[in-house]
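As recorded in Swiss-Prot:
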- 1-15: signal peptide (SIGNAL)
- 26-246: domain 'Peptidase S1' (DOMAIN)
- 32-162: disulfide bond (DISULFID)
- 50-66: disulfide bond (DISULFID)
- 65: active site, charge relay system (ACT_SITE)
- 77, 79, 87: Ca(2+) binding site (BINDING)
- 109: active site, charge relay system (ACT_SITE)
- 134-235: disulfide bond (DISULFID)
- 141-208: disulfide bond (DISULFID)
- 173-187: disulfide bond (DISULFID)
- 198-222: disulfide bond (DISULFID)
- 202: active site, charge relay system (ACT_SITE)
């Protein structure tokens, strides 16, 4: 589930960003409208490996499991295989993982990237607001990314993919992943399967009612029945985000 690669290992589901051999997209979604997600960024290291969200002109929010010490951030991207004229590529000056990030449990799977210069904001590159409160179950959210579009096999569209999916209740989430869901995680998607984020979507945005409520984190497979995507619960980190940005 989500914008990452997921591998079941010793009973634990672990999320990985994609490698240069493995790109990814959303399963069961649709091609986004050209400026549907101007906050969406592509994290690059010679290839797209994760997504992220522009939250100010100089800061991007992503998943801690996407960490690299140096990252090229591509903003205004839509078709990865074409130059649309709207792209901005800015290198990172700082990459800051949450100090409580646990690579085994994926608790606190959140990371800030400071850009080496401010992005130029326009209709194709813009920020997404942080949450003013936590999202409620049943709310429909927009997930986007360049991840795998197949739940079995690989098909990698170049155009940004979108998916509308509901927030599940905490009880539904915990029942799907017994003993694995912390208070810093939310489940979003369909228990019947068929629609989900997937490998390569990791770190990307979940926007609900115009606010950034989730970060693609982990799951078992992609779009598998009974296993919705698991996302970092951004509303728990607003203070950490603001404090980290102001002190760096």
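Positions of Cβ are set from backbone N, Cα and C atoms, glycine also.
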One of the recorded positions 50, 66, 79, 162 has its Cα closest to the Cα of residue 109 (active site, charge relay system), namely 66
Within 8 Å of the Cβ centroid of 77, 79, 87, the other same-chain residues by Cβ around the recorded Ca(2+) site are 42, 74, 76, 78, 80, 82, 83, 84, 86
Cβ contacts within 10 Å for residue 66 (disulfide bond), all chains included, total 29
Counting other C-beta atoms within 10 angstroms, the emptiest spot among the disulfide-bonded residues 134, 162, 222 is 134
Argmin Cα dist to residue 198 (disulfide bond) over the recorded positions 65, 77, 79, 87 returns 65
Under a three-state DSSP reduction, the secondary structure at residue 202 (active site, charge relay system) is coil
